[in-house]
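These notes are about the structure you will find just below.
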Amino acid sequence: MVLHSHQLTYAGIAFALCLHHLISAIEVPLDSNIQSELPQPPTITKQSVKDYIVDPRDNIFIECEAKGNPVPTFSWTRNGKFFNVAKDPKVSMRRRSGTLVIDFHGGGRPDDYEGEYQCFARNDYGTALSSKIHLQVSRSPLWPKEKVDVIEVDEGAPLSLQCNPPPGLPPPVIFWMSSSMEPIHQDKRVSQGQNGDLYFSNVMLQDAQTDYSCNARFHFTHTIQQKNPYTLKVKTKKPHNETSLRNHTDMYSARGVTETTPSFMYPYGTSSSQMVLRGVDLLLECIASGVPAPDIMWYKKGGELPAGKTKLENFNKALRISNVSEEDSGEYFCLASNKMGSIRHTISVRVKAAPYWLDEPQNLILAPGEDGRLVCRANGNPKPSIQWLVNGEPIEGSPPNPSREVAGDTIVFRDTQIGSSAVYQCNASNEHGYLLANAFVSVLDVPPRILAPRNQLIKVIQYNRTRLDCPFFGSPIPTLRWFKNGQGNMLDGGNYKAHENGSLEMSMARKEDQGIYTCVATNILGKVEAQVRLEVKDPTRIVRGPEDQVVKRGSMPRLHCRVKHDPTLKLTVTWLKDDAPLYIGNRMKKEDDGLTIYGVAEKDQGDYTCVASTELDKDSAKAYLTVLAIPANRLRDLPKERPDRPRDLELSDLAERSVKLTWIPGDDNNSPITDYIVQFEEDRFQPGTWHNHSRYPGNVNSALLSLSPYVNYQFRVIAVNDVGSSLPSMPSERYQTSGARPEINPTGVQGAGTQKNNMEITWTPLNATQAYGPNLRYIVRWRRRDPRGSWYNETVKAPRHVVWNTPIYVPYEIKVQAENDFGRAPEPETYIGYSGEDYPKAAPTDVRIRVLNSTAIALTWTRVHLDTIQGQLKEYRAYFWRDSSLLKNLWVSKKRQYVSFPGDRNRGIVSRLFPYSNYKLEMVVTNGRGDGPRSEVKEFPTPEGVPSSPRYLRIRQPNLESINLEWDHPEHPNGVLTGYNLRYQASCLSSPVNGSKTGRTLVENFSPNQTRFTVQRTDPISRYRFFLRARTQVGDGEVIVEESPALLNEATPTPASTWLPPPTTELTPAATIATTTTTATPTTETPPTEIPTTAIPTTTTTTTTTAASTVASTTTTAERAAAATTKQELATNGSSIWDIRAWANSNWANITWSHNYSAGTDFVVKYITSNKTEKSIPVKAQTPSSVQLANLTPGMVYKLWVFPIWSSPSEHSYITFTTSSAYTKNHVDIATQGWFIGLMCAIALLVLILLIVCFIKRSRGGKYPVRDNKDEHLNPEDKNVEDGSFDYRSLESDEDNKPLPNSQTSLDGTIKQQESDDSLVDYGEGGEGQFNEDGSFIGQYTVKKDKEETEGNESSEATSPVNAIYSLA
């Protein structure tokens, strides 16, 4: 065997044997086999402490453990007398142990067992004793009752409050608190002494604000006892003034307290003495009084305080010296001082000592005829006396032994013989304590033994120091010699050094030191030898290690690590990065002589360490790798695309089960290739279908592919980067592998019946890479699940086989084995299947129904017997249907429903029933075939419930003062309706920032027959939210919620012209089209045109370009036009976006656009407000492309971009639009304003003057060229001009399009004036005047002028008197 770490253990044993040999003693090695064979006197291994205090509430355990051969027996003495354990039923002794157990569970007083116990362990070779164990029961006596009077004390006087705690075992811990259980604050003026008393150096007036109670905490019982509290009454010369005390620099003089020099309260006088035992802690204490409170300092006469052992405690009033020794004796003094003076107290410290060991006697093992000695030296103060015992008895009273001589603290043995074994006790004692030690003397004669394993193999690296170990044992102690290769010369000297512990050391192992070494151990009883084979190995060295490198990101650095090592040792090469194990991922490749990193990144920078190790040694080499990052500005503007396809696939290294595939990578298109996917296609099972074969890092261009037998392979490669996957490469040439027998069998084998007399066996067939050969087929075997049954088999090619004429639902054992022309697959697994099921023969009985609530019932039934199921029980089913409603004339659906209760159970719950209805129910049991017979039909009613919501709630606003509500009854009343409950509340828009304000909730209750209600508005701008519920006597039903329509004066968004410019024409990026329509009559808001949109949950802002005209009307409504651009910048592939349009209202906008990108392209809509608030909204692919932007800011100007999600917007390709202003209550009727009435009167007067001038000119015979346009009129119903230069949209009502009063329509559509041609009645009415005779020119002129203006502005306005006046002007 090979010995490495064990060498140290054996060397330690051999060294111990050698040491004891020098003092004529033998140490028995820690070998269980040897120790079990050698006789050994008893030795105490575990015992309780000398002063043993126990808890009276627990059982008592007094420990005593010992070892020896034979196993010792135990006995006890109590108070010096034999303690008979067998006579006391409460006392027992543990098996193979001397530990006493005193059990009080059955009663008894622990105090009765107090005393001094000692344990005796005996065997054939002697008796060992434990120390005397003083057993005491813990006590926590009560505090003596006493009356504590009020203590009167002058302010500034000293005071001590005595505690006098009851004596406990062990002594209690003392602390002071008030009666309200608050700790007493302690400082250098007020502190607790070592005796538990509370000392006041001087009393202050605030000391009387609390009382003082001494508390004692007892450790074992975990109890706290409290003394009656002290109450102080402080007599003072001046009344208490807190303000003056805070402002005064000396509170004592401020209070009129006389300042005094210090005096000692404890200890008294100027000197005292204290005795302490060696090894314990010494605590010296000085407490002084005085005004102000004095400071305490400590000194030692004639020297410094012991360094490293002293500690000041209790505000310097106590000095603790740890682990006192004789050197700490002397005089210590404490100095108490304040500004009035100082005083000193001297404490004389005397250190005594209980006995302590100088030389504790040790076990002595001797050979027959050898000499030895036991030494027992102890010290103490006073000096202890030494007493020897043998086997527990005084040595003076033991039988005489001529080979033994007692000389004070030493026993000398000469010429010992077999049979002289015994256990000796040494007792060292003085007035402060005692020590007891056991040491046995054992006389052994043992032939030599080699303790090391036989035929060891030691491997060592050349030129290293090594040592061959040969631990041995014997009595007398044997002598040991070393030989090499059976030569007679003893090895000692030169390169070899033999140690007495049996080790042979070589200062430098060389190749010629290899060989077989023999160690021979000899004593008078015999001789024994063992062989050790030494092999010298070559060292492990890194001949070429990694070097520091500086590389660019994305490159492929290689770190070298070439190792030379002994070929007979296994080499392991590991890599560390920054002194931590390196994880070798798919970007790294570890080889025998180095490490390659593909696509190195900044995170790869650091220290790399190559560690080459064998079982004997190791070597390492380190290098630092620096990675230079490519500047970001070099790649930022480069467009990233999917990589180009790999090309030029080539097959090489053709082998039976592998092939090497090589390819040339395509362009990565500015995104590094991260992976290559190799796919294959075969032409036998699934021709034309490609399967993934393997995946490789993006920095390789070849791969060794593992192949399956009998597959005609064809390969292709796909490159992958962060953008996506490339197109597949062109396929490689085909490669056919040879065949073999299948190695696996089909999986997923199942057996189940499709009819009651068959079983269909199915499985997952082998694929092309698993067939391994031609003519793949399957051997199907089956038999009844009976070890004695016969197997049936069938060979098939399809992945199924049907077995007929089977009993109903019996288990079968099934095996399916694959086979081809090269042979069969290994023996298949056995699966369990079942033949077909038949319908169950019995129905559940004793079906009972308990109604839980209006929609649920609880069912119980008696289960069917398992023999009647004829298959696997799947579930119990409860079929139920609604037979009728308890409401008259209410039609109900009688559709049958069922609830399943899986498994073998007899109870369940049916829920989701309609309340207030009659139901019928029947039950069946179901297996895999279907339902069994039905049980008896049960009928039950459901109680009344709450109704569903009303079918609808319609809201109409006939005017600004009221809202009409109309609703319908609930579809499911679920009981007798008792009425309706309507809750509603108003909300008005306060500001774009603060949102809406909600008013209080109003409640209305209606009878069950009422379905209409009118709400009177409190103001015309509020919107209302309505909550309507129907009600039965059970309670309110489901709610229907509706909100009143939008405000009446909000603009109605209407799309602008749908005209698209030619594709070759591009507008400026901010080009917009705006149309304005002016109406002369009030209009009612209409819903916006429905456009397919994507809901946007976030708050956004948009605007649109508008134009408006002011006319003489009661209400003016501005219609928003669509902002549009014909085309954005072209993408790299020629695709583009055009015709971006925005239909905007005050707080939302519909956005549409056209594009020729591929289907499935997602877009981003980005918009920025005039105050630079930016939002981006992703839009999923849809047709047509549109999105709705909600929660915009009224009156805000927006810039908007649309671009593909994988792209970024062009800086100039945007449109702008503006949202309309919000409605305010400051709108007034313009027709009632004084300035407007005055303006209209002035215009009428001006028209009259102009008409008079015209008539005067006519009367003078002027002629005008108006005959050609005599019958032409610009009617609001006229169509657009044919060139499509503008689009006219009228918002006028039908009344506006009718002929004016006193007019008629001609056959050609013109309007003929019936009255006088120069009549101005129509103008007085605000209508359109017409002059149709030759002298009538105003209408013709006005129409022509309006037409010209309309064509120039690409907008249309209704003809009005204002236009006519402007035309004439």
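Yeah, the Cβs are placed from backbone N, Cα and C, and that goes for glycine too.
Residues or ranges marked as signal peptide by Swiss-Prot: 1-25.
Secondary structure of the domain 'Ig-like C2-type 1' (42-138) per DSSP (helix as H, G, I; strand as E, B; remaining residues coil): 7 helix, 52 strand, 38 coil. As annotated by Swiss-Prot, domain 'Ig-like C2-type 1' applies to 42-138.
The average pLDDT for the domain 'Ig-like C2-type 2' (144-231) in the predicted structure is 91. The domain 'Ig-like C2-type 2' annotation in Swiss-Prot covers 144-231.
The N-linked glycosylation site feature in Swiss-Prot is assigned to Asn241 (among others).
Annotation comment: Swiss-Prot describes Asn247 (among others) as N-linked glycosylation site, evidence class sequence analysis.
Annotation comment: Swiss-Prot describes 262-350 as domain 'Ig-like C2-type 3'.
Residues or ranges marked as N-linked glycosylation site by Swiss-Prot: Asn323 (among others). Classification of Asn323 (N-linked glycosylation site) by DSSP places it in coil, neither helical nor stranded.
Among the features that Swiss-Prot reports, domain 'Ig-like C2-type 4' is placed at 355-442.
What Swiss-Prot records for 448-535 is domain 'Ig-like C2-type 5'.
Per Swiss-Prot, N-linked glycosylation site is recorded for Asn464 (among others). Take the CB of Asn464 (N-linked glycosylation site) and look out to 10 A: across all protein chains shown you find 15 other CB atoms. DSSP assigns Asn464 (N-linked glycosylation site) to coil, not to a helix or a strand.
DSSP gives Asn501 (N-linked glycosylation site) a coil state; it is part of no helix or strand. Annotated N-linked glycosylation site per Swiss-Prot: Asn501 (among others), in sequence order, evidence recorded as sequence analysis.
What Swiss-Prot lists as domain 'Ig-like C2-type 6' is 539-626.
Positions annotated as domain 'Fibronectin type-III 1' by Swiss-Prot: 645-740.
Marked as N-linked glycosylation site by Swiss-Prot: Asn692 (among others). Packing around Asn692 (N-linked glycosylation site) is summarised by its Cβ count: 10 other Cβ atoms lie within 10 angstroms of its Cβ, all protein chains included.
Cβ atoms under 8 Å from those of the region 'Disordered' (730-753) belong to residues 645, 647, 649-651, 654, 656-657, 659, 661, 681, 683, 707-716, 759-766, 770-774, 776, 778, 782, 799, 806, 809, 812, 814-826, 828-829, 831-837, 928 of the same chain, restricted to positions at least 6 beyond its ends. Sequence annotations record features per position, and here Swiss-Prot assigns region 'Disordered' to 730-753 (among others).
Taken from Swiss-Prot, the feature domain 'Fibronectin type-III 2' covers 745-838.
Taking the Cα atom of each, Asn323 (N-linked glycosylation site) and Asn501 (N-linked glycosylation site) are about 40 angstrom apart.
Under DSSP, the residues of the domain 'Fibronectin type-III 2' (745-838) split into helix, strand and coil as follows: 4 helix, 47 strand, 43 coil.
Break the domain 'Fibronectin type-III 1' (645-740) down by DSSP state and the numbers are 0 helix, 47 strand, 49 coil.
For the domain 'Fibronectin type-III 5' (1133-1222), the DSSP-based tally of helix, strand and coil residues reads 0 helix, 45 strand, 45 coil. Residue counts for the domain 'Ig-like C2-type 4' (355-442) under DSSP (helix as H, G, I; strand as E, B; rest coil) come to 3 helix, 52 strand, 33 coil.
In this chain, the domain 'Ig-like C2-type 1' (42-138) lies in contact with the domain 'Ig-like C2-type 4' (355-442); the count of Cβ pairs under 8 Å, excluding pairs fewer than 6 apart in sequence, is at least 3. Summarising the environment of Asn853 (N-linked glycosylation site), the number of other Cβ atoms within 10 Å of its Cβ, over all protein chains shown, is 13. Checked against Asn1171 (N-linked glycosylation site) by C-alpha proximity, the glycosylation sites Asn464, Asn501, Asn853, Asn1009, Asn1156 yield Asn1156 as the nearest. Within the set of glycosylation sites (Asn323, Asn501, Asn793, Asn1171), the lowest number of other Cβ atoms found within 10 Å of a Cβ is recorded at Asn1171.
Its own atom aside, the Cβ of Asn1009 (N-linked glycosylation site) has 9 Cβ atoms within 10 angstroms in the protein chains shown. Other Cβ atoms within 10 Å of the Cβ of Asn1156 (N-linked glycosylation site) number 12 in total over all chains. Reported as a whole number, the C-alpha separation between Asn501 (N-linked glycosylation site) and Asn464 (N-linked glycosylation site) equals 21 Å.
Under DSSP, the residues of the domain 'Ig-like C2-type 5' (448-535) split into helix, strand and coil as follows: 3 helix, 48 strand, 37 coil.
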